[in-house]
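Here is the structure we will look at.
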Amino acid sequence: MLRAVLISCVLFSLYLSSYAQSCAKYNFASNQLFSSCNDLPRLNSFLHWNYDSSSKTVRMAYRHTGVTASKWVAWAINPKSQGMVGAQALIAFQKSDGTMRAYTAPITTYQTQLQEGDLSFPVSELSAVYSKNEIIIFATLKLENLSSTVNQVWQDGPLSGDAPATHPTSGPNVQSVGTLNLLSGESGTTAGASNSKTKKRNIHGVLNAVSWGILMPIGALFARYLRVFPSADPAWFYLHATCQTSAYIIGVAGWATGLQLGSQSPGVQYTSHRTIGIVLFCLGTLQVFTLLLRPKKDHKYRVYWNIYHHSVGYAVIVLSIINIFKGFDILNPENKWERAYIGILVVLGIFAATLEAYTWYVVVKRKKSAASQKMANGANGTNGYNGYGARV
């Protein structure tokens, strides 16, 4: 009997939960009626709308439940592509004085601060309310240049004072994208495409960090310091060449991944990051081929080759590190990854400082040894002369 009562209570609670979470059963306090609605699959969100196909006008209400007064919410249409960049967003949150703020914000970059601005289509009757841990955004959209099927994005995040802060970059917050047919009410998810793009971005970042940001400096350490040890000659050159060539090959793979991301993100440009990447690709190509054209030690042009090779090599390392930190700003990963890379640079710097000190110690010691040997030869006589210049 108790088991039957327990099962009945569980089923009844599930029924009430599904009833409460269904957009079709929701009644607005303002007695507004919407002919269509959709239960969005992420972030406890729901969309209600009326669509006039003749005038291409949408009267909509976006509901975001389970939020506190310290959060902002957003719903957007992306006219150009799927995902965040290019989205035309409606933003709402409760200010510190208790009033609601609702405004429009075009999103042009992943580092957006959700600044207020005009959208690519007209918006009117924009307002928002907050009650019982739920924010509702009301608006009328004039979608003259869009089809009845649109790409939609919805989001939430913390507030910093009276301004939106960065939303989480994992879990449901990167899966809250989809398509919506305003006529039929059918919706689809583009989480797979979004996850694929995120995966490519991560691969691009890892490949470039490992190649340009780690292997390149290690190769320079081999070339700079292993030659001090006579037993390491010519092994240091092969280690240096292997590191540099491997870094170049892996870097080209990362560069190709970046090109794919660019083709999949029309309108998204990171000019300085891209420019430095192109310069690194060109200089890296020159460095690899000049290894094949290295003159012999006694060649008269060897000194010029050394100047060129060292200058370009150090320039590549500096530009690589700068570009990797620009990549961190673009990808905006968890802080632990940037800290880990900084830790690797610190370790390499400590090794370089230690080896530099040891190198100078060896150089000074060799100079003293050569000078004392020269003085000894001068005192004992060389080439048939004694120390006083007379022939023996």
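Cβ coordinates come from backbone N, Cα and C, glycine included.
Spatially close to HIS273 (heme b binding site) yet at least six residues away along the chain are ASN323, LYS326, GLY327, ILE330, judged by Cβ distances under 8 angstroms. Annotated heme b binding site per TrEMBL: HIS204, HIS240, HIS273, HIS309, in sequence order.
Residues or ranges marked as domain 'DOMON' in TrEMBL: 43-157. DSSP states for the domain 'DOMON' (43-157), grouped as helix (H, G, I), strand (E, B) and coil, give 0 helix, 66 strand, 49 coil.
As annotated by TrEMBL, domain 'Cytochrome b561' applies to 166-364.
Per TrEMBL, the feature signal peptide maps to 1-20.
Sequence annotations record features per position, and here TrEMBL assigns transmembrane segment to 203-223 (among others).
Positions annotated as transmembrane segment by TrEMBL: 235-256 (among others).
According to TrEMBL, the feature transmembrane segment maps to 276-293 (among others).
If you look up TrEMBL, you'll see 305-328 (among others) marked as transmembrane segment.
The transmembrane segment annotation in TrEMBL covers 340-364 (among others).
The heme b-binding residues named in the record, HIS204, HIS240, HIS273, HIS309, extend over a maximum Cα to Cα distance of 27 Å. Same-chain residues lying 6+ beyond the ends of the transmembrane segment (340-364) with a Cβ under 8 Å from its Cβ atoms: 209, 213-214, 217-218, 221, 224-225, 228, 321, 324, 328. When Cβ atoms from all protein chains are considered, those within 10 Å of HIS204 (heme b binding site) total 22, not counting its own. The list of residues near the transmembrane segment (203-223) in space but at least 6 beyond its ends in sequence, with Cβ under 8 angstroms from a Cβ of it, reads 236-237, 239-244, 246-251, 253-255, 257-258, 261, 277, 280, 284, 313-314, 316-317, 320-321, 323-324, 327-328, 331, 333, 341, 344-345, 348, 351-352, 355. Panel annotation: around the transmembrane segment (305-328), residues 204-205, 208-209, 212-213, 216-217, 220, 223, 270, 272-273, 276-277, 279-280, 283-284, 286-287, 290, 293-295, 337-338, 341, 345 of the same chain, lying at least six beyond its termini, place a Cβ under 8 Å from a Cβ of the stretch.
For HIS309 (heme b binding site), the same-chain residues lying six or more positions away in sequence with a CB closer than 8 A to its CB are GLN287, THR290, ARG294.
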